[in-house]
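Lifted from TrEMBL, the feature list:
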type	residues	note
DOMAIN	B:133-342	domain 'ABC transmembrane type-1'
TRANSMEM	B:17-37	transmembrane segment
TRANSMEM	B:49-69	transmembrane segment
TRANSMEM	B:81-108	transmembrane segment
TRANSMEM	B:128-158	transmembrane segment
TRANSMEM	B:170-195	transmembrane segment
TRANSMEM	B:201-221	transmembrane segment
TRANSMEM	B:253-274	transmembrane segment
TRANSMEM	B:325-345	transmembrane segment
Amino acid sequence: MAKRIELKSIDVYYGKFKAVEDISMVIEPRAITAFIGPSGCGKSTLIRTLNRMHEVIPGAYVEGELLMDGENIYSDDVDPVKVRRQVGMVFQRPNPFPTMSIKDNVISGYKLNNNKMSKSDADDLVERALKGANLWNEVKDRLERPGSSLSGGQQQRLCIARAIAVEPDVILMDEPTSALDPISTAAIEDMAVELKEKFTVVIVTHNMQQASRISDMTAFFNIAGTGLPGKLIEYDKTEKIFSNPAQQQTEDYVSGRFG
Amino acid sequence: MAIISTGFQASASLPRWFTPAALVGSFSVALAVFTLARTPSEGGTSLVGVGFVGFALYLLTVAIVSRLVEGRRKAADRLITSLVTAAFALAVIPLVSLAWTVVTNGIARLDADFFSMSMRNVVGPGGGALHAIVGTLELTLIASLISVPVGIMTAIYLVEYGRGKLARAVTFFVDVMTGIPSIVAGLFAFTLFLVLLGPAAAINGFAGSIALSVLMIPVVVRATEEMLKIVPNELREASYALGVPKWLTIVKVVIPTALAGIATGVIIAIARVIGETAPLLLAAGFTTSMNYNPFSDKMMTLPVFVFTSFANQGIDTQSYLDRSWAGALTLMLIVMILNLFARLISKFLSPKGA
Ligand SMILES: Nc1ncnc2c1ncn2[C@@H]1O[C@H](COP(=O)(O)OP(=O)(O)O)[C@@H](O)[C@H]1O
Ligand SMILES: [Mg+2]
């Protein structure tokens, strides 16, 4: 569980357009790593390379090496589907499956892959995952209701439960709280902190306070201008980035001078 | 402050009986004018004229009275409401009139015989359309069994996999197929079976089904394509992110999400081809006898039954006409049942939301 991720000169393309250039960094296990930076600097693009979701977009590809506990997930003999089973992902907008109940949404990773499990195993798993996502108490009496009957914040936690139910090694979250109210946001932040006990957590956020509150490490990305690729400007302990960054750009961004 | 509060006060409004009263009044005046003004040589009063003049009078009355009593905003509101309602009524009139004509003419022969007998050896009254009903149901079923899988899979290819030249070519051919006149589809099926089976056996039920499939496939493709396109990409990504392969994502996420719409589209496609006459006349032929086997011999269908009964009225003209109308009514009922079915399906299959 909880793998160490090492990026080695990663370039990410959408067809001819290079969106992200030359990223090398190490993402530590059992910690929260935050990606921050202005819009369009490639945070979403980069986080989607960590579970090979980037390449589902036609024409999109990645160059470089990405090691998970030493194994390059971009080597030719690796099946992207297998990678995604080990790296869960939570999206900006909650996207529970509308045809499934709350319960089926939680175990959708198994159901959709035709993995059979006994009813009691399924019930245990549903309870565990929903507790892990701080949602159990709110939904335990209506597990058969459709997932889309929940509020936005609950739906997002349902999506997190769905991601942790398949017991991945890494959890990626792309601005998971940007569409949510402050109370739901707090619930998800608390949960992220609990998740790092077991998983490697990577979170993209627009919210400086959020990054400083919950993350252990922070990576700041920036672009020199539109049409140019995003680059990693500074990567360090969160405290350092927010109190005493090495780069002027980082300082400007975290102090709210642009972005 | 005072000015603002008066602005929000409800202005005087016309009583509820105003609209019906204005309607009755306007149309009575129009009717009276037309009745008095007509010259004896013209015969009856023109109802169309009464309708137009009455409606114009009504609009005028409403506009003036409402403007004086209620003010500009409400007058405009009433005017537009009247126009929209009139447009709706105009659209519904032919529909109601058609349904009424078919029902009143068709009901006479909608008896047990009609649903239990063929036309074998019938020249006068009596007889029935069982052979045509069976034919229509069998042919449409076979056409659906061919078109639905082909159409749905084509749509899946186009939406989920199709890139580049092949996809563009398929889209182009689907467009072309959509525009094929139905008689051409009939000719195509007829010649195909002529080449395959020779002149003696060319005309049979299955050939009719093929002709219907040619017409049905593009409709199914289009309807399914539209439904698949509106499945949010986020759901596909959610599924991929759980390590579900693409084909399973399509089978277990995309299709179930779009199922209600696809089912409705399929039923509308069926309703579209079930009333086709020309291609069946060519490809499936016509007969007065029962034929349960779509793979050999000519097969009667309801639209062809309606057509031939009307076109070749025997000595006892009325019996043929009655049967023709009853056939039309039966066809209309089948289509209505199909539409009802489509509604039920979309009600039960739609993703259940908040
Ligand atoms: N599907 C796509 N096709 C082409 N370009 C894209 C696509 N998605 C994002 N981009 C481009 O990639 C760059 C980085 O975008 P993104 O990763 O979404 O930034 P961020 O998440 O940091 O706001 C932007 O210039 C954006 O326009
Ligand atoms: Mg983004």
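Placed from the backbone N, Cα and C atoms, the Cβ positions cover glycine too.
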Ranked first among B:17-37, B:128-158, B:170-195, B:253-274, B:325-345 for CB pairs under 8 angstroms with the transmembrane segment (B:81-108):
B:325-345
Relative to the transmembrane segment (B:253-274), which of B:170-195, B:201-221, B:325-345 accounts for the most Cβ pairs at distances under 8 Å?
B:325-345
By a Cβ-Cβ criterion of under 8 Å, what residues six or more beyond either terminus of the transmembrane segment (B:170-195) are in contact with it?
154, 157-158, 162, 201-204, 206-208, 210-212, 214-215, 217-219, 221-222, 276, 278-283
